[in-house]
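S.K.: Below are the structure tokens for one structure; questions will follow.
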């Protein structure tokens with residue numbers, strides 16, 4: 001096959017069902033791990049281990065900020081990886097194993113309930129290691145979308161599979177977690193350790209499935225000829241990244257999105273346990289958070305192709321704002337809370353479906369404008385923003401609890417604490433969504449994608465002749 005033929009194949013390749021499913025299965029485990037950390041870890045620290053909310057905030061925020069720098073390093077390493085399996089898949093396989101092993105220990109703490117400083121040291125250390133390997137597997141996994149095919153519509157389809165399967169994982173976790181944990185004594189860490197330890201055992205098998213049944217086909221146009229390959233310096237890579245306004249927009253958009261989701265998901269446990277007075281309702285709230293996403297994602301690709309990524313995202317954010325205001329009707333009503341969460345999830349469908357395809361467009365724009373691809377660096381730099389967002393949202397949950405005088409050892413919280421929890425649950429998503437809409441106003445890459453794809457294909461044909 002000639003270089004030109006190879007480029008055309010890459011541009012038009014349609015992945016078969018098994019490959020799409022295998023790609024999506026990677027995010028099944030990523031989603032379970034993320035939701036475990038975003039939704040349950042703060043409560044495990046405060047209510048089971050006995051760490052104060054303020055200290056928990058310090059752990060969650062400091063680790064995320066440190067790991068955010070590691071994300072950039074991973075991205076550079078992925079871009080420089082050369083192997084027969086590609087540059088991302090080897091990372092998915094090897095880092096996936098280490099991530100699973102470390103996750104087994106996340107919801108354990110031999111110093112739980114002892115009031116010993118070692119409880120904090122242990123929590124910090126394990127949380128750091130888990131996030132270290134989480135980045136090492138998740139960044140190359142995210143890069144796979146742009147490496148499997150160059151076809152813009154197929155990338156959107158891959159993302160739909162990814163988000164659909166990821167949210168199935170979220171639903172399963174929501175259905176199982178609290179009912180299983182509640183089988184054990186109220187302050188016992190055993191249920192937490194058994195459940196999440198078992199998940200950790202399964203994680204490597206899931207990533208192996210992704211590794212086994214996916215294939216990297218896309219290479220930079222500059223690599224499709226027989227001329228000596230130029231090694232792109234870090235200065236040039238980062239320079240092109242920082243000059244790419246669309247990278248800034250998508251990265252800040254992703255940061256804000258993770259702040260929204262972190263606050264919304266992180267507060268669910270406290271809404272169920274203390275506002276609605278039934279921790280088992282966490283399962284219902286968790287399912288309500290993701291069920292509309294599971295149902296809506298199969299239709300999101302057609303919507304995005306019709307109205308564009310930007311317009312789809314803006315429409316979803318407007319729905320999230322209106323859905324959040326529904327809580328004001330009666331914030332102590334289970335029906336009102338569930339309705340608001342369901343409607344928020346409807347709005348999240350186009351936002352989630354558009355997010356990753358926007359990143360692949362950013363990568364293509366960078367290659368079109370600067371002459372080389374930086375798949376790993378773009379995804380890692382975006383992951384940098386994601387980690388900051390996840391860290392801030394997790395810390396914000398803990399800060400709200402600390403400032404509202406939350407005490408995890410009490411069966412009931414004060415009215416001031418409940419009001420603070422509800423205010424954060426309602427108004428933070430509104431403010432963040434407004435900010436994200438403003439960002440999307442400046443994202444006009446949808447209009448340029450067709451020409452960019454044609455130009456890149458033409459360059460490949462020119463080099464192939």
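Cβ from N, Cα, C; glycine included.
In case it helps, TrEMBL gives these features for our protein:
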| type | residues | note |
| --- | --- | --- |
| TRANSMEM | 21-45 | transmembrane segment |
| TRANSMEM | 57-79 | transmembrane segment |
| TRANSMEM | 91-112 | transmembrane segment |
| TRANSMEM | 118-139 | transmembrane segment |
| TRANSMEM | 160-184 | transmembrane segment |
| TRANSMEM | 190-209 | transmembrane segment |
| TRANSMEM | 246-263 | transmembrane segment |
| TRANSMEM | 283-304 | transmembrane segment |
| TRANSMEM | 311-329 | transmembrane segment |
| TRANSMEM | 335-355 | transmembrane segment |
| TRANSMEM | 376-401 | transmembrane segment |
| TRANSMEM | 421-443 | transmembrane segment |
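Tell me about the surroundings of these features in the structure.
M.R.: Listed by sequence, the residues of this chain that lie at least six past the ends of the transmembrane segment (91-112) yet keep a Cβ under 8 A from its Cβ atoms are 26, 29, 33, 36-37, 40-41, 44, 48-50, 74, 78, 81, 85, 118-119, 122-123, 126-127, 129-130, 132-134, 136-137, 139-141, 144, 189, 192-193, 195-197, 199-204, 206-208, 210-211.
Long-range contacts of the transmembrane segment (118-139) within the same chain: residues 30, 33, 37, 41, 45, 49-51, 55, 59-60, 62-64, 66-67, 70-71, 74-75, 78, 91-92, 95-96, 98-99, 102-103, 105-106, 108-112, 207, 376, 379-380, 383, 387, each at least 6 residues beyond the stretch ends and with a Cβ under 8 Å from a Cβ of the stretch.
When Cβ-Cβ distances below 8 Å are used as the criterion, the transmembrane segment (246-263) is approached by residues 38, 313, 320, 348, 351, 355, 358-359, 361-362, 365-366, 378, 381-382, 384-386, 388-390, 392-394, 396-397, 424-425, 428-429, 432-433, 435-436, 439-440, 442-443, 445 of the same chain, each at least six residues removed from its ends.
Outside the transmembrane segment (283-304) by six or more residues, the chain places 35, 39, 153, 156-157, 160, 163-164, 167-168, 170-171, 173-175, 177-179, 264-265, 268, 271-272, 312, 337-338, 341-342, 344-346, 348-350, 352-354, 357 with a CB less than 8 A from a CB of the stretch.
For the transmembrane segment (421-443), same-chain residues at least 6 beyond its ends with a Cβ under 8 Å from one of its own Cβ atoms are 245-246, 249-250, 252-253, 256-257, 259-260, 263-264, 267, 270-271, 274-275, 309-310, 313-314, 317-318, 320-321, 324-325, 327-328, 331, 344, 351, 358, 396-397, 400-401, 404, 413.
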S.K.: Please give the sequence-distant neighbours of the transmembrane segment (311-329): residues at least 6 beyond its ends with Cβ less than 8 Å from one of its Cβ atoms.
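M.R.: For the transmembrane segment (311-329), the list is 253, 260, 300, 303-304, 336-337, 339-344, 346-351, 353-355, 422, 425-427, 429-430, 433-434, 436-437, 440-441, 446.
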S.K.: Please check if the transmembrane segment (21-45) comes into contact with the transmembrane segment (335-355), where contact means 3 or more CB pairs closer than 8 Å and the residues in each pair are separated by 6 or more positions.
M.R.: no
S.K.: With CB pairs under 8 Å as the measure, which of the listed stretches 57-79, 335-355, 376-401 comes out on top against the transmembrane segment (160-184)?
M.R.: 335-355
